């Protein structure tokens, strides 16, 4: 039929547009071949350094000129379309017509979607430029990047600024945003977006453009750093339809309840640390049994993370209800074990607390139900709630210095943390029951009719979007590609992993190394925190209050450290440089903690512990930031997602660390410190070597 012919013709024209546009991209393969040519020449004869710099600079200048000229041409075309639409808008303001206004809004959105393609065009080319400059520096050691950027950055004829600063594109984004805001129903308001800059524009195209601009800017701030710290995996750019789905799912009080769950769980985890050794001895066990008492919660969390992640595919409310009930029961059992004089009841209580760990649900709620425009703030809130809970737990324990009985129930510094948390979870359960709103599920959303008459976004159709072709960032060198990943069938390339084994197969060597780093830092931190009460009592005769203050001070460093790293350090150094430096500082902190000088002093313990903990916090943030960018997009959703893998790696590390403390206790408290630090030192050295290997192989 004629309709079918028209569709075929349209598709062919779009494919032709892809082929025509692709020649304006940076020719990454050509420049790689040029680097190999220089390398082969250097093996035969020492090349002239000035010739290499000049020749490669000329090639880069030509590549950038091609990019910029096409960019300016497309900016001009978009500006012309906006100008024509503005004339139509001025006419409609004099003669209002609702149907015409809707068509005009869709036309502005169409310009916005085309601008998105142009933003992606600039982003891919900027990534390609950064990567080829790094590759040149790595291969020849010329520091070519410094030379090239310094000579081009502020030159009056420099075209490099057009790629990295994209001032003109920002003006086009502003024009589209302003005109869409003017067309939006403001209930008779005469204010513009300039009068109320905080007033959100409810348009998914504008949100997508702003997200693309922020990503293109490649600027790291505190909020973004905290959000990546949470490792809440997500797609780079949700479609406008998906953003509408998020708006239907979003409920602020439900988000607040998830963050409260995160905070209370972290308080529950660390509130017993200052008194766990005393509690163990009260029940007739050795002080080092505190490792098993603390670690029992982590053991159960290994399993709870999986079933909570699977459960969140169907519901968020029921898992949170179950979590609260189980945690209430676990804390009651923990507190009653004193009067029952039973270590098994104590351990079962802690296991119940671990089985109530709903952190997988909290992560999934943020990634699935919070709109893109609020997701960064929600992710940062998740990290902040965890950090505050970690600090508040020991601090609260230090205040619970009392001893009395209610009937046959003993209330003292060992049992009061359990009773306090049981009451807290009971109050939370009531709040959850009356305030949580179950999000709309996908099956319900699909039945909602779409009012928009606009054509499906071609970005999603994958027809005219040339950026869906292999990009320089994802494109592996021919000599680096061997054996990294197995080929995937096209129909399976976007499906989430359906098992732990399938998720593991999606991990590249660099991701495995970063998970090893995460394992190492969690192991080292757990050793420091869990044995702190035993070590400080043995060497310094610290009371529970002193231990609580020390642990609370460590926890309070989390947010300030992330503030400094996220706002300043990541803007001055590459993430991989910070990663390696942090690993080395963790290693130094471990070495300083060894008891090789008699007597073991408080300044040595406090300074080494602070250095170890702060360095591990910096390392965790940077490592998870890198992990969130390089992990497969197939791990951004489903039960076996990237957040679950990182959680399992960290939880297993904590379990092994706590078991190490208990086993080392059989050798005596005098040897506990050095024995538990040896595995930390070994794993740290292995992770540093693995980082060196990964860095050298990739760059």
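Backbone N, Cα and C define each Cβ position, glycine as well.
As annotated by TrEMBL, compositional bias 'Acidic residues' applies to 475-490.
Marked as domain 'SPX' by TrEMBL: 3-150. On the 0 to 100 pLDDT scale, the model's mean across the domain 'SPX' (3-150) is 75.
The region 'Disordered' annotation in TrEMBL covers 470-495.
Feature annotation from TrEMBL assigns transmembrane segment to 255-273 (among others).
Residues 268-269, 272-273, 276-279, 319, 323, 343, 346-347, 350-361, 500, 530-531, 533-534, 537, 639, 644, 647-648, 651-652, 654-655, 657-662, 664-666, 669, 672 of the same chain, all 6+ positions outside the transmembrane segment (285-308), place their C-beta atoms under 8 angstroms from a C-beta of that stretch. Marked as transmembrane segment by TrEMBL: 285-308 (among others).
Sequence-distant contacts of the transmembrane segment (320-337) (same chain, at least 6 residues past either end, Cβ-Cβ under 8 Å): 257-258, 261, 264-265, 268, 272, 283, 308, 343, 345-346, 348-358, 361, 409, 415-419, 421-422, 425-426, 428-429, 432-433, 436. Positions annotated as transmembrane segment by TrEMBL: 320-337 (among others).
The transmembrane segment feature in TrEMBL is assigned to 343-361 (among others).
Taken from TrEMBL, the feature transmembrane segment applies to 382-404 (among others).
Marked as transmembrane segment by TrEMBL: 416-436 (among others).
Long-range neighbours of the transmembrane segment (515-540) within the same chain, counting only residues 6 or more positions beyond its ends whose Cβ lies under 8 Å from a Cβ of the stretch, are 270, 273-278, 287-288, 290-291, 294-295, 507, 546-547, 550-551, 554, 579, 583, 586, 590, 593, 595, 599-600, 602, 605, 609, 612-613, 616, 619-620, 623-624, 627, 645-646, 649-650, 652-654, 656-658, 660-661, 665, 669-670, 672-673, 676-677, 679-680, 683-684, 686-687, 690-691. Marked as transmembrane segment by TrEMBL: 515-540 (among others).
Sequence-distant contacts of the transmembrane segment (546-566) (same chain, six or more residues past either end, CB-CB distance under 8 Å): 220-226, 229, 270, 273-274, 383-384, 387-388, 390-395, 397-399, 529, 532-533, 536-537, 540, 578, 606, 609-610, 613-614, 617-618, 621-622. The transmembrane segment annotation in TrEMBL covers 546-566 (among others).
Away from its own ends, the transmembrane segment (578-598) comes close to residues 517, 520-521, 524, 528, 539, 565, 569-570, 604-605, 607-609, 611-613, 615-616, 618-619, 622-623, 626, 673-674, 677, 680-681, 684-685, 687-688, 691-692, 695 of its chain (Cβ-Cβ under 8 Å, at least six residues beyond either end). Per TrEMBL, transmembrane segment is recorded for 578-598 (among others).
Counting residues 6+ beyond its ends, the transmembrane segment (610-627) has Cβ neighbours under 8 Å at 225-226, 228-231, 511, 514-515, 517-518, 521, 524-525, 528, 554, 557-558, 561-562, 565-566, 569-570, 575-576, 578-579, 582-583, 585-586, 588-590, 592-593, 642, 646 in the same chain. The transmembrane segment annotation in TrEMBL covers 610-627 (among others).
What TrEMBL lists as transmembrane segment is 672-695 (among others). Remote same-chain partners of the transmembrane segment (672-695), defined as residues 6 or more beyond its termini with a Cβ less than 8 Å from a stretch Cβ, comprise 288, 509-510, 513, 516-517, 519-520, 523-524, 527, 531, 534-535, 538, 576, 579-580, 583-584, 586-587, 590-591, 593-595, 600, 657, 660-661, 664-665.
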Residues from the same chain, set at least six apart from the ends of the transmembrane segment (382-404), whose C-beta lies under 8 A from its own: 226-227, 229-230, 232, 258-260, 262-275, 362-363, 366, 410-413, 416-417, 420, 544-545, 547-552, 554-556, 558-559, 562
